[in-house]
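Peer 1: One structure, as structure tokens, below. Some questions next.
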Amino acid sequence: MASGGGGCSASERLPPPFPGMDPESEGAAGASEPEAGDSDTEGEDIFTGAAAATKPQSPKKTTSLFPIKNGSKENGIHEDQDQEPQDLFADATVELSLDSTQNNQKTMPGKTLTSHSPQEATNSPKPQPSYEELEEEEQEDQFDLTVGITDPEKIGDGMNAYVAYKVTTQTSLPMFRSRQFAVKRRFSDFLGLYEKLSEKHSQNGFIVPPPPEKSLIGMTKVKVGKEDSSSAEFLEKRRAALERYLQRIVNHPTMLQDPDVREFLEKEELPRAVGTQALSGAGLLKMFNKATDAVSKMTIKMNESDIWFEEKLQEVECEEQRLRKLHAVVETLVNHRKELALNTALFAKSLAMLGSSEDNTALSRALSQLAEVEEKIEQLHQEQANNDSFLLAELLSDYIRLLAIVRAAFDQRMKTWQRWQDAQATLQKKRESEARLLWANKPDKLQQAKDEITEWESRVTQYERDFERISTVVRKEVTRFEKEKSKDFKNHVMKYLETLLHSQQQLAKYWEAFLPEAKAIS
């Protein structure tokens, strides 16, 4: 685009006529210099002054402006297109000026319009989908599939024992062999499923729900210990956590289509999952890779071009810290409520002993009734402690792990960006090497240098596409994750409030029933 100096007018700097310009246009240019400041018709409308302002816009300009307007939107936010024509053209001028600023072209808005041809406009990047569109897509991704995990069964004896769970699936989707089926799975099978899904989908920016954490102490008690309340509580927690994990997997449209998921749900016997033990060779290798990734992450300094990702990553990191603090407080609450239940039971026993030794019949009966009330209250405290743990603590624990996976998706996007930047740097070095060969007049090595440049140009293009694709996936995944998180927290908090309300109502009934006994003491 030919552009004059900052103080130069169109009449002082005339560009040469375009090759396809007809003689009549050249004659008009010679007769009226102010109107021939630019041979482009879009530029004419800008520089002709007041006379051109009243001139109606041609359909050609409208066609060239709409793609530029759509392509210049950032962060997936679209404006309504039900605007008047003059507003559209004014908005397009502003957007094109912003684009020219990003291209380091310090020109006037009118000349910015001249710099964009209809062909360039059609090649503009596709607009990002809006959050409303993403939510509509997620509403369409509702699948009629429910999974349940029941009947934890200990198989074997000693340290070789393991627990098998019954996985039941109910669905009307045609991809499955029947509407209802059940298989037996052990904990390592769930870990193996996660490893397979993570290996395939995490590198593309997908948020793969993580399984519950291993518990060496809990499983040791189950394997070698007797069946007691602590072992039963551990198995119930793990069963519920595995059910939530598997339900999140099948609720994800991409994960559900994965053949490993269908095999996990349908196949009677699975090959033994290897590398799931923490002290195995594969487990140690994973720990080493995680440490290496952490170090490499510290060395990457990404120049973020989209403020959405920067702000969202800060929100995720801050939320993870707050959830960890809240989880610690809830765990303390659970322990205190269990201690309260234990002390209430001791209090009830002491009251019963006191009532049995009391000579006053009315007082003895009242103390015995009070002991029974305290025993019922002890049961309420124990139930509420379990509700605190299952409905709050476990939910927070799930989302602490999920937020770590969300951060990993951002990290994977950063790695993809770094690979793109490294390829650009390598391409620049190859071009510099070619220039040195040209300068040194070494034609024998010049062809190889050109081939390498062609190869790295294709790599740069591919890596740029990979970065754009993973950015789109991460944006969509985070939007979906936040929506699911809101629904999940709402459901669990409502259930938790219902348990609290029920507990308080029962407590009031117990005391109301005991009140006549207390008044009857003479």
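Backbone N, Cα and C define each Cβ position, glycine as well.
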Peer 1: Would you please say which range out of 281-298, 335-352, 497-514 has the annotation region 'Membrane-binding amphipathic helix' in Swiss-Prot?
Peer 2: 281-298
Peer 1: Looking at Ser32, Ser357, Ser471, which is the one Swiss-Prot tags with phosphoserine?
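Peer 2: Out of Ser32, Ser357, Ser471, Swiss-Prot attaches the phosphoserine annotation to Ser32.
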Peer 1: Of the residues Ser39, Ser130, give the one that Swiss-Prot describes as phosphoserine.
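Peer 2: Going through Ser39, Ser130 one by one, Swiss-Prot flags Ser39 as phosphoserine.
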Peer 1: Can you dig through Swiss-Prot and tell me which residue of Ser58, Ser124 is labelled phosphoserine?
Peer 2: Ser58
Peer 1: Where does the phosphothreonine label fall among Thr41, Thr62, Thr101, Thr112, going by Swiss-Prot?
Peer 2: Thr41
Peer 1: Between Lys237 (N6-acetyllysine) and Ser188 (phosphoserine), how far is it from one CA atom to the other, in Å?
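Peer 2: Distance between the two Cα atoms comes out at 16 Å.
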Peer 1: Summarise the domain 'PX' (143-272) by DSSP state, stating how many residues are helix, strand and coil.
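Peer 2: Reading the DSSP string over the domain 'PX' (143-272) gives 65 helix, 28 strand, 37 coil.
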Peer 1: Around Lys237 (N6-acetyllysine), how many other C-beta atoms are within 10 angstroms of its C-beta?
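Peer 2: For Lys237 (N6-acetyllysine), the 10 Å Cβ neighbour count is 19.
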